[in-house]
Structure formats: C-alpha cells, structure tokens
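Structure, as structure tokens:
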C-alpha cells in the first residue's frame, strides 16, 4: 500500500499530467461535444443552426472550422477552466488511487505480473470514486462547451466560476450531479479501458525483444489505451454529453431511447473521429508527461 507521502506525490504528478493533456486537446473535445449534441431536426432551421448542422455533417475538422469562424477561435477552448478543475480532481484521483486499489484486489503486495482482471477491477473502482467527486466540474465543462450551439438551451454563464453558483441558485445543488449515472458508467468504463489497457500494453511491450521502458513504449501503450477507450466508451459518452448539454431528457434510459429512436444507432458513435483524436492524443500526452514527471519527482 502506498504511503500518504507517495500518494500525495502521485496525485499531484497525475493531476499535472492530466491538466497538461487537457489544455493541449480541448479543441477536439469541444468539437466532439458539439457533434454528440447534434440531433436530426425535422423543422426548417434558422441560419445559425443550419450552419452548425452542415458543419457536423462535414465531420470533426469542419466542426472546428465552423466554431472558429462563427464564434471565434477562443470558443474552441470553451470549458477549459472547468476542464482543468475536472482533470485536477478526476485525473489526480483515478491515477493515484489505481496502484493502492490494485494492491487491494490482488490481496497484498504486488509480486510479478498482476492479472488483467485485477487491473480492470481497480480501474473501474477508481473511475467511479473519482467521477463522483468531479461530476460538477464535468457538468459545467459540457454546458460551457455546448453554450453557443444553435439548438441547445442558452444559459449564458459568464465563466466557470459563475456557472457553479448559477446552477445551484437556479436548479439546486443536486443539479451539479446531473448525468451522474451515464457519467459514472462512461468514466468507469473508459478508465478501465485506459489505465488497465495501458498497464497491460506496457507490460506486454516490455516482454518483447528490443522494447525498453522508454518514450516509444509509452507512446504505443498510450495510443492502444486511447483506441480501446473510445471504442468501448463512445455510446455512454454520447448519452452523458446529451444529458448534460440538453435539458430535454428525463433520465439516462430516456436519453438512450430518444437518441436511438430519433437518430438511429449510429448516433452513439457521433464524433468518433474527434473522440479518438481527442482521447488518443490525450492519452499519449498524459501518459508521456506522467512517466517523465514521475521519473523526475519520484
């Protein structure tokens, strides 16, 4: 079990790596959220909404260009402040808790290779714990990213720090945990896909001839982790984004059913390319940064 001092060091190094990756990749995340919130519109759309729909049809790059053109380049970094709040809490907790929880599931000190099942259980557990704490920051991030999209409710928060008290005042403190169900499912699944697969890929690569514990190995393991995370987590990610970004849904099941009925099964993989570019690059940057920070400080 990690000591309190080592836990603190791992927490802050993990939080730093997660925040650095967030700043680098949040434009892709903004495009992903806009794509996921895009719904089929049965009625004629106003010009702004029509432009947004056309951009969504064009994919990730067209969406980024449309946001930059219609709302300004700075709009691509909408939600970066709550994004950093989220990564400091969520990224710090999920990674720093991973090793202690893995030791718990193993039943003692880790000797030799840990089974994939133990890694998955540890990552699922830390993902749940971390997102329950960080859900309010995720909600504010999604709402700020969605605000300005033509077919969503305009909330016009002046910023992240204004959004938290505004939500509490207008909707009650419980509203900060809106979308907790799909968010727990999404983050537990993605955390398991990221941490467990990165751990497994790295362990696998290090057993191959010519591979050492270096930047190239970390890069390959990070890409593999990102791909698994997107493939497995996209459906719950879409449901989470829609529930947090649009108030028309009553529950997780209602959102899932309406999305399936109105937009078809492919809607659950809307923004897949943006999501993979985002999560793939995010994982590479985060794990590369984390490995270097750990070597330097630990």
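Yeah, the Cβs are placed from backbone N, Cα and C, and that goes for glycine too.
Owing to the predicted nature of the structure, the values given are computational and were not obtained by experimental measurement.
Taken from TrEMBL, the feature signal peptide covers 1-21.
Taken from TrEMBL, the feature repeat 'Solcar' covers 5-104 (among others).
Per TrEMBL, transmembrane segment is recorded for 45-68 (among others).
For 103-134 (among others), the entry in TrEMBL reads transmembrane segment. Through the fold, the transmembrane segment (103-134) approaches residues 1, 85-86, 89-91, 93-95, 97, 180, 183-184, 187-196, 199-200, 203 of its own chain, all at least 6 residues removed from its boundaries and within a Cβ separation under 8 Å.
Per TrEMBL, the feature repeat 'Solcar' maps to 114-204 (among others).
Residues of the repeat 'Solcar' (213-296) grouped by DSSP class, helix first, strand second and coil last, total 73 helix, 0 strand, 11 coil. The annotation repeat 'Solcar' is assigned in TrEMBL to 213-296 (among others).
Sequence-distant contacts of the transmembrane segment (215-239), counting only residues of its own chain at least 6 positions beyond either end whose CB sits under 8 Å from a CB of the stretch, comprise 36, 182, 185-186, 189-190, 193-195, 197-198, 201-202, 205-206, 252, 255-256, 259, 267-272, 275-276, 279-288, 291. Among the features that TrEMBL reports, transmembrane segment is placed at 215-239 (among others).
Taken residue by residue, the repeat 'Solcar' (114-204) breaks down under DSSP into 73 helix, 2 strand, 16 coil.
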